[in-house]
Amino acid sequence: MAEAALVITPQIPMVTEEFVKPSQGHVTFEDIAVYFSQEEWGLLDEAQRCLYHDVMLENFSLMASVGCLHGIEAEEAPSEQTLSAQGVSQARTPKLGPSIPNAHSCEMCILVMKDILYLSEHQGTLPWQKPYTSVASGKWFSFGSNLQQHQNQDSGEKHIRKEESSALLLNSCKIPLSDNLFPCKDVEKDFPTILGLLQHQTTHSRQEYAHRSRETFQQRRYKCEQVFNEKVHVTEHQRVHTGEKAYKRREYGKSLNSKYLFVEHQRTHNAEKPYVCNICGKSFLHKQTLVGHQQRIHTRERSYVCIECGKSLSSKYSLVEHQRTHNGEKPYVCNVCGKSFRHKQTFVGHQQRIHTGERPYVCMECGKSFIHSYDRIRHQRVHTGEGAYQCSECGKSFIYKQSLLDHHRIHTGERPYECKECGKAFIHKKRLLEHQRIHTGEKPYVCIICGKSFIRSSDYMRHQRIHTGERAYECSDCGKAFISKQTLLKHHKIHTRERPYECSECGKGFYLEVKLLQHQRIHTREQLCECNECGKVFSHQKRLLEHQKVHTGEKPCECSECGKCFRHRTSLIQHQKVHSGERPYNCTACEKAFIYKNKLVEHQRIHTGEKPYECGKCGKAFNKRYSLVRHQKVHITEEP
């Protein structure tokens, strides 16, 4: 079949004026037409198809001009005055030979010659005009191919280069019989040659034709050759050309033009991944993704090598992304908080989840939700006990080995990450990076509701719960709920009275290790902040600033209900509970509630019998400090 395709071109007959004359009897279009089967048409290259089109166009137009078009059935043959593209659709369409069983060709882009006559009208070629003249013989021809054939016969050459032929046609297209210009009927423009007018008129015709067929003739000839076994597949394929999208998902309103694509798209919502790699077990939503994975990861050589560390990667894109770990490049910047990312996927996930508050991955065991799927997978190991790494010092368990190694530094005292600005050292690199933002003033996590910014993402997430009202951490003893797990753990120590961190100097106990470290500065006088007014020392600059308000009388925090002012914001928050009626601190023994935590602690001493305040004169003990102060006045009055 391939050999037949190579010799197809010379067998196409060319109709000349000498061949078509009314005196020679009726000649039908069928007599000179050449038809190809679907298989034969597929073997032609683009140049051969173009030649077929041009020859058939010239033959058909020439026969129509001399009135010899008799190949049309009588009931469909129009009059000479009304000959149009629609009336000769049968004569213009080449037969596709024996049809393929159950084959349905795409009607939008099939490669057939159904636009021969329309193209002739579109180009504006008139049969009685002969714009092509032979320089050698002076003979005139209606078509360039006739001129070329005539010149080949005169010179004996069978092949003329395309460049020489084009130049010859351009130089010989003027009509010397008249000095009249050729006007365009659509716009006020004249042309000295008929060829110039014809070329100009194609611009108008193309626009009209684009409205009729949504594509130009040239695009339709070479765009699509797809053949389908079932009619339903043709219908779905034609939606590619029409833009129709028949399948719509109700939840999100996304439209797709194929049922297959619609089913594949639904997997993104139900997390179905039916295509599993038989080598590594990784699953994928789409079959083509699985094929690409197997070719890229398991079969293809890793030919892209990083010059920094020597790591080999399977694609140039992966190499570019990997090199960002060395050069620190983070090209994807969030326009909300300014945070930058190395990978586009991480950037998109950040925008979709962090700022919207969406947490789509929910643990089926405890109901806790997560932003990323890998966070949920990591969390589920808490329930399954999978891959737990236990500390030999304290027995604490970790999901990852690296987390255990980091934890060991607490026992060894190793702090390898040191701040170059202040010399402070940290166990984890992440903590160092967060600490450095104190020096730079960077606060990349910005709340889109109130505009407050944060150094750490954990602080930002905890702050978001203030707006949402979410209190996911509930005390099992009293039912009180908290925004963060850390706050819940602190609260638990109220019930257990646990103060595991004890000062070796004075024996005072603390709930948290950080509080003990702050307290120990008082004994070591390390980095103490002293008040210039009274000489009192504080372990933190923040505490000193709060204390100095005592001397200045500054009370910047004012209650909007009653106008009362306070030195500290925490005092204002506690005071506002008087107006709201909120009493969050409940006694577990008698269910009495209090506004302030210290009042609850004092009250609980009634039940426990604890009396920590002892008089130095008589040894009498009290459960409240002010009771001791009032008692001591008795001894003052007794003194002479």
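Numbering starts at 1 and runs along the chain as it is shown here.
Glycine too: its Cβ is placed from the backbone N, Cα and C atoms.
Per Swiss-Prot, the residue from the list Lys185, Lys189, Lys223, Lys287 bearing the note SUMO2 cross-link is Lys223.
Checking Swiss-Prot for zinc finger across the ranges 61-83, 84-106, 130-152, 613-635 points to 613-635.
Per Swiss-Prot, the listed range annotated as zinc finger is 585-607 (candidates: 33-55, 585-607). According to DSSP, the secondary structure content of the zinc finger (389-411) in residues is 11 helix, 4 strand, 8 coil. Listed by sequence, the residues of this chain that lie at least six past the ends of the zinc finger (529-551) yet keep a Cβ under 8 A from its Cβ atoms are 518-519, 521-522, 567-568. Looking only at the zinc finger (275-298), the predicted model's pLDDT averages out at 79. Annotation: stretch 473-495 has the most Cβ pairs under 8 Å to the zinc finger (501-523), among 389-411, 417-439, 445-467, 473-495, 557-579. Between the zinc finger (473-495) and the zinc finger (445-467) there are at least 3 Cβ pairs closer than 8 Å, counting only pairs 6 or more residues apart in sequence, which means the two stretches are in contact. Assigned with DSSP, the residues of the zinc finger (501-523) fall into helix, strand and coil as follows: 11 helix, 4 strand, 8 coil.
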